[in-house]
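Here the structure is laid out as structure tokens; the discussion comes afterwards.
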């Protein structure tokens with residue numbers, strides 16, 4: 001068994017980093033919304049799902065069937081990421097407007113908001129299975145069947161670590177995720193909007209008194225979180241080449257686990273939590289088999305929370321740690 | 001705006017009417033209440049008749065759906081209400097206990113061949129134990145963490161069942177025995193089965209009604225127990241924990257133990273329902289225990305008005321019945337269900353039948369669940385909501 005581990009260590013590490021980056025990007029959305037609203041945005045998983053379909057739309061419209069190279073490839077990948085971001089961010093804003101804001105205005109309990117989110121989540125899944133996939137993607141009667149992406153990018157080996165190859169798409173996922181994190185960090189720490197977000201997270205009433213437009217800040221939070229989930233969706237699609245209407249559920253709970261693991265409300269925590277979760281579940285899969293992957297990650301969550309209830313890096317979006 | 005005000009007026013008057021009814025109810029002498037209770041039970045027993053079924057569910061067999069999903073959801077909601085509505089603990093993995101109960105029935109029934117009644121008792125014990133096992137490490141966590149951990153636990157149970165070949169793996173278990181039947185029932189020479197027109201104690205494959213009667217019995221027992229707990233020291237401790245855990249702790253309420261108790265009771269009710277359900281269905285598999293079921297039961301509890309037993313049961317009934325009634329819409333029913341959940345929460349976030357105590361709590365603050373952050377009243381909110389800040 002130890003032999004297995006040594007043999008599979010590097011492939012598992014690379015896979016874990018790729019998956020972990022995707023978890024981390026989705027976790028950012030959970031953690032930002034939680035930081036500002038103290039709300040588990042349960043429908044965020046569907047925001048990710050819609051991101052994968054937004055990205056899928058680009059090669060579908062362009063009618064791409066074979067692998068691309070050079071500038072065309074770069075162009076298509078950028079277009080896919082943008083389309084994913086747009087679809088996801090739009091969904092997130094619509095969610096905030098329809099499912100959360102009326103509740104917020106009436107001072108409803110967080111439990112009511114959670115049920116509203118679960119309702120929205122069911123609605124969006126069914127909407128895609130029944131209408132969007134059959135009609136927009138022209139697959140009548142196949143709304144519930146997994147949808148594949150034609151291979152866009154030849155999976156060439158970029159370099160190798162101890163004889164185990166690292167593919168282009170894996171590097172793309174990891175690099176793009178790190179790039180987005182840096183951009184987000186700068187946004188939250190350096191810009192006016194970022195300051196507004198931090199102020200609202202810290203004390204909404206004081207923020208209002210200081211002239212912060214709370215509704216705008218909440219909208220921006222959903223927009224940014226949604227955009228990150230869209231990037232995650234596009235990257236997932238490019239690397240794993242399939243998606244379905246149900247894909248959000250597992251990624252959603254994994255990403256939420258990652259957010260909690262890192263310390264919810266803490267942006268860097270989301271990054272750490274995502275990567276740790278991705279690595280641990282892939283290492284664990286070597287020992288116990290990939291069937292047990294999900295069990296391993298939830299067990300880790302319970303263990304971490306027992307011994308460090310605020311997550312690895314501690315909570316709070318407030319303390320400019322973002 | 002004008003229309004909005006008149007709407008608010010109607011709601012206010014409805015609320016007052018509800019309050020008067022509630023007062024009258026509180027002043028009703030015990031024997032009159034018992035008449036109503038008995039009438040309700042008799043009504044529940046008469047439910048599976050064809051004439052009601054024709055309207056209630058034109059697409060499916062009414063007696064069957066009365067057992068599952070309607071009755072099952074109602075009992076599960078009663079159980080979850082103890083955890084969510086009374087103790088204020090957000091549990092997103094309630095289906096786990098239902099699964100444990102179901103598997104207990106299936107495994108003990110097929111492997112050891114025990115009697116249903118014995119398994120029911122043992123199953124309840126196992127579920128209470130699993131509730132305590134889950135609660136031990138997690139109940140010290142704050143609300144949102146508890147939510148995700150319970151969700152994780154629900155998934156762990158399902159995936160473990162799927163991956164363990166010793167308990168059937170993804171195929172589940174077949175040949176689960178039914179409860180022991182009484183084939184002929186004569187009391188003082190009167191054939192009771194003949195008299196009632198239904199073999200109430202004959203548990204077979206064809207007639208779902210005997211199982212439904214059993215379910216009603218289970219529900220009645222659960223309601224009585226839960227009601228007694230609610231009125232007791234335990235119920236007051238739960239309310240205190242729900243409202244402000246720190247204050248309760250300071251006042252000398254052993255919060256952790258009471259939270260454990262709530263978890264164990266909720267788990268036992270869920271588990272008992274699991275045992276009963278498994279004894280009817282003959283075969284079960286891990287996919288019967290999806291997260292969606294947990295979410296639906298939670299939706300039922302919140303929609304009905306968490307903490308208020310009649311409300312919760314109404315919520316469960318609506319949640320289970322609507323998709324069956326509108327089976328004619330076929331695939332679109334889940335889409336509509338999702339939209340209805342959102343709409344209900346927007347227009348009535350306190351639930352269909354909120355308890356009066358709960359309403360007061362909501363007005364005062366947040367009903368124990370905490371409110372959303374960044375909650376600054378907008379232009380649409382009314383004076384009273386602003387004043388309550």
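Every residue, even glycine, has its Cβ placed from backbone N, Cα and C.
The feature transmembrane segment, as given by TrEMBL for the ranges B:114-134, B:135-155, sits at B:114-134.
The stretch from B:62-82, B:89-108, B:291-322 with the most CB pairs below 8 A to the transmembrane segment (B:211-229) is B:62-82.
Comparison of B:34-56, B:89-108, B:114-134, B:291-322 by number of C-beta pairs under 8 angstroms to the transmembrane segment (B:62-82) places B:291-322 first. Nonlocal intrachain contacts for the transmembrane segment (B:291-322), taken as residues 6+ away from its ends with a CB within less than 8 angstroms of a stretch CB, comprise 56-57, 65, 69-70, 72-74, 76-78, 80-81, 84-86, 91-96, 98, 151, 154-155, 223, 226-227, 230, 333, 337, 340-341, 344-345, 350-355, 357-358, 367.
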